[in-house]
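Going by Swiss-Prot, these are the annotated features:
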ACT_SITE  D71  active site, proton acceptor
ACT_SITE  D140  active site, for ring-opening step
ACT_SITE  H142  active site, proton acceptor
ACT_SITE  E147  active site, for ring-opening step
Amino acid sequence: MKLIIEENADKVAEFAARYVVTKINEATENGKYLVLGLPTGSTPLGMYKKLIEFYNAGVISFEKVKTFNMDEYVDLPRDHTESYHSFMFDNFFRHIDINPANIHILDGNTSDHEKECEEYERKIKESGGIDLFVGGIGPDGHIAFNEPGSSLASRTRIKTLNEDTIQANARFFGGDITKVPTQALTVGVQTVMDAREVMILITGSHKALALHQAIECGISHMCTVSAMQMHRCATFIADEDATLELKVKTVKYFKGLMNHHRSLVMF
């Protein structure tokens, strides 16, 4: 496991975007597609903006990229401004040269949620598995919609959202919790664990306790991202504020490796 510590959220976004570009170019040079798992929410927005900048500068093409998003609300119209389908197209897909046929987002409006989730897992497998799964975490350490108490062996399924998550997401619905969907389709913890690499973005002091629990405490279903401790190639990228709850020696150790880590994303 690696922990990358950057000064602020902008530098977290820069490092993450450069890493994604590096992986895409490596795959393309070998005549392969790169399969990406992608998140929504406020944390990855900076990364998407940087990736668009790299695309506009001619540094990267997304023609050889396939994507699978982490989650989608149930019974929220696809064209709703707060659907994750709208989020991804408004903030990323519409601005790059990705083939729409290579974009995969769960359909929360299907009449058969179980079948949709099974098909999603099948499509991931047919694509050769996810090469790099990018994710964010909630203040309670949840990844995707795998909230506290979720099975660490879980796969894509329908989840009922807890009150904390609904309240946290109310800001996207004008502060009205009655407008927030109460269920979502989400990849499972094991779905993420199956990826060849996982990259978790954490910014802000409100995520500091979650980062501490994720990397300095034991693995627990009450902090689902802690399962990444068992992943063969997991990287956490955090800003200084997100490290406030970490031990001094933990921060010192990983900062001592930063020159090496930065050399991996130089282009």
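The backbone N, Cα and C atoms fix where each Cβ goes, glycine too.
A map of Swiss-Prot features onto the structure.
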{"residue": "D71", "record": "active site, proton acceptor", "Cβ within 10 Å": "22"}
{"residue": "D140", "record": "active site, for ring-opening step", "Cβ within 10 Å": "19"}
{"residue": "H142", "record": "active site, proton acceptor", "Cβ within 10 Å": "24"}
{"residue": "E147", "record": "active site, for ring-opening step", "Cβ within 10 Å": "21"}
**OP:** Rounded to the nearest Å, what's the C-alpha distance separating E147 (active site, for ring-opening step) and D140 (active site, for ring-opening step)? Just drop the number here, would you?
**Re:** 8
Subject >> H142 (active site, proton acceptor) versus D71 (active site, proton acceptor) - Cα distance in angstrom >> reply: 13
**OP:** Please state whether DSSP places D140 (active site, for ring-opening step) in a helix, a strand or coil.
**Re:** coil
